[in-house]
Amino acid sequence: MLIPTLSPGASSFPHHRATLRLSEKFILLLILSAFITLCFGAFFFLPDNSKHKRFDLGLEDVLIPHIDTPKEEESPAAVLLCMMKHAWDSYRQYGWGHNELKPIAKKGHSTNIFGSSQLGATIVDAVDTLYIMGLHEEFKDGQEWIEQNLDFSVNAEVSVFEVNIRFIGGLLAAYYLSGQEVFKLKAVQLAEKLLPAFNTPTGIPWAMVNLKSGVGRNWGWASAGSSILAEFGTLHMEFVHLTYLTGNPAYYQKVMHIRKLLAKMDRPNGLYPNYLNPRTGRWGQHHTSVGGLGDSFYEYLLKAWLMSDKTDTEARKTYDDAIEAIERHLVRKSNGGLTFIGEWKNGHLERKMGHLACFAGGMFALGADGSPDDKAGHYLQLGAEIAHTCHESYDRTVLKLGPEAFKFDSGLEAVAVRQNEKYYILRPEVIETYWYMWRFTHDPKYRQWGWEAVQAIDKYCRVSGGFSGVKDVYSSNPTYDDVQQSFFLAETLKYLYLLFSSDDLLPLENWVFNTEAHPLPVLHLGNITLPGSEPAQR
């Protein structure tokens, strides 16, 4: 672009200087506005090399400039942008390429769910959040690392479930949002490495698989070598999208086989036990939970229906039947009037609810529309009651952050009793329910509760090297666990940001969020059927 310049003799005419300055300013303003228009045009209208168009995010209303430190008068969305930058920049500085970050020791961190290799879990988990927040330089850094360094041909034993929801889910979401082919390519490469986990006598996958050898096994602590309901039941969304994108029927067939096997099995009191032996096809210990070990199995039944543009009626019926049994046997009201979801253990109801189970308030609200017997209002109300109970679990602590699990007996309600249940590890489930309840009711209390959580996290979990979980939410001088979980960037900050954004940002009629908060588009398949599937029944 040529920039007009003054002629050499212009300076010899002093009385023209003011006019020339005005002209210069006007020209510079024109150039600047043209440059901004070009930048925004390039961002929104760059040609997409893939056959799938990028999806409209509705970002226009929420683009916010970079902020280094939050100020009291900043909007919640701006504060959250700042928190995301602090979490990402700290990881970028101290843990780049490692799976997670130790923000106090200021070094990389990993756990056995990712195996022994550096797979950059935080990068893969966070890139879609960066994109949604408009942090495009950071997104580009993440994309470049994924393109150049993310390698799955490593001798590492990983959790099939965790790698599916964080890596495949994160890569697919980044692909659908940005249109960048590298994300789809990496998702498919990884999915191929997970397929050997399904080589069991029943087709129920092992919990872990070695990415190099394909050898699978289960966790030693899981009931007599069992696979876990929430793990093998939380593959459907990602695997259906893999078949949709690649035309390879294997992914769809693997998850539908799991569904068909479960449909044939007897269920005690209509409840799904958390353990199933992949060798014998028999249930393990009779323990049912909507929290850990069970949670996202139910979530994915509902979301399979939503993601199919409400054509997968089999998934919807299975969800409705499961929720009816859960409500009959697990949902109770405390003496103080708090609705909670207990856990069923060998015919006995334990009056304890986990932080993980708090996601169910959002699930009930999300599933209200389409519920049988005109019970939409009932399930929306149930979602609101769960949201209230989970808010109480936060409000009854010193730090205003919720414990890992809380009891409803012996006069104590929504309070953790054991020391090993008093911790908060930056979990998102309560926030997730606030967001869904906000989208469906627009009751301002959900934003108020979300803002309380923002302030508490920023006050008690922010350290110089990122964000850390705390070991005791009832202590005014908490000690840190020194882990910045990848899901803090993928879920907690994303759900909070969405809570304070317009409903046009990722509208729920077009997007379904996987259990790691990675948005995947609804598949409006119409008369098209997925390879290896039965024709859709409306």
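Glycine too: its Cβ is placed from the backbone N, Cα and C atoms.
According to TrEMBL, the cysteine that forms a disulfide bond with Cys358, out of Cys390, Cys461, is Cys390. Non-local contacts of Cys358 (disulfide bond) by the CB criterion (under 8 A, 6+ apart in sequence, same chain) comprise Ile386, Cys390, Ser393, Gly402, Glu429, Val430, Glu432, Thr433. Straight-line distance linking the Cα atoms of Glu404 (active site, proton donor) and Asp295 (active site), rounded to a whole number, equals 15 Å.
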